[in-house]
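Features of the protein shown, as given by TrEMBL:
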type: REGION; residues: 1-28; note: region 'Disordered'
type: TRANSMEM; residues: 42-62; note: transmembrane segment
type: DOMAIN; residues: 48-269; note: domain 'Major facilitator superfamily (MFS) profile'
type: TRANSMEM; residues: 112-132; note: transmembrane segment
type: TRANSMEM; residues: 138-159; note: transmembrane segment
type: TRANSMEM; residues: 171-190; note: transmembrane segment
type: TRANSMEM; residues: 202-221; note: transmembrane segment
type: TRANSMEM; residues: 241-260; note: transmembrane segment
Amino acid sequence: MDEEKQQAGPSEAVPGSAENPESAPGKHELIDNQNFEGQFKFSRLIVILSALAFTLFVSFVDQTSVSTALPAIAKDLNAFESISWVGTSFLIANTSFQLINGRLSDIFGRRACLLICMVILAVGDLLCGFAKSAVTLYIFRGIAGIGAGGINSLVMIIFSDLTTLKQRGKYQGLMEVNIALGNGIGPLIGGAFSQSDAGWRWTFWFVVPVTCVAGIAVFLATPKSAVSQGRIIDKAKMIDYPGMLLSLAGVIFLLVNSLSQPNYSRTAY
């Protein structure tokens, strides 16, 4: 009997329990239990994934709707030579901040970070609609890009948390369909507003209430994920700021270099 206890003891010790206190997580250590895969019934999973898919749809509508409104924007703001920066500023911010959202969501929680990114997108688009100059429009479009980049990455992270490897391929189609719909419907919306009496500004304002609806759906449908323990200031210390800044700088320099094109004069040919 004593031999059986000695053999079973070490293998049955639960990490963080009284029998194994050495493995207990520290006060401010990151909790690694974000994964919900296999925990939800089919009906509940469809509701959650539908809310996430709709959020992804809104993000891509915002990203593509501006393309057909650019002529009207350039004419109104007298920005024909620099109007490409509407898309460039958005793309730079979008791509740069996708890198850090995974780590931030590990610390502060998936759903909280996603909702914050949706607020950033809505605020950025709201400000874009009030822009009085090309420069302010580019800045506000960059703010919207930060939110959109976070949405795109966090939706897929949460999607991976919720589904098993066996389910992932099947439900991935739901996300891809919404991305395709967003890419297809976005230009139609931008063109319709820019050609109507409403004007190009509603291309941005239109996204704000739709993002709010998506945010409510995410808040109600998506489960609250685990967050790291401790105070906000202690959580902030867990972020690798030098690495984050180097990553941002590298992506920004790479994108600016690849997106910048020489402005050749026609008389040079």
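Backbone N, Cα and C atoms are what each Cβ position is placed from, and that goes for glycine too.
Quantities reported herein were computed from a predicted structural model and do not represent experimental measurements.
Proximity of distant same-chain residues to the transmembrane segment (138-159), defined by a Cβ-Cβ separation under 8 Å and at least 6 residues beyond the stretch ends, is recorded for 49, 52-53, 55-56, 58-59, 62-63, 66, 82, 85-86, 89-98, 101-102, 105, 110-111, 113-114, 116-125, 127-128, 131, 168, 171-172, 175, 204, 222, 225.
Non-local neighbours of the transmembrane segment (202-221) in the same chain are 47-48, 50-52, 54-55, 58, 61-62, 65-66, 69, 111, 114-115, 118-119, 121-122, 125-126, 128-129, 144, 189-190, 193-194; each lies 6+ residues outside the stretch with a CB under 8 Å from one of its CB atoms.
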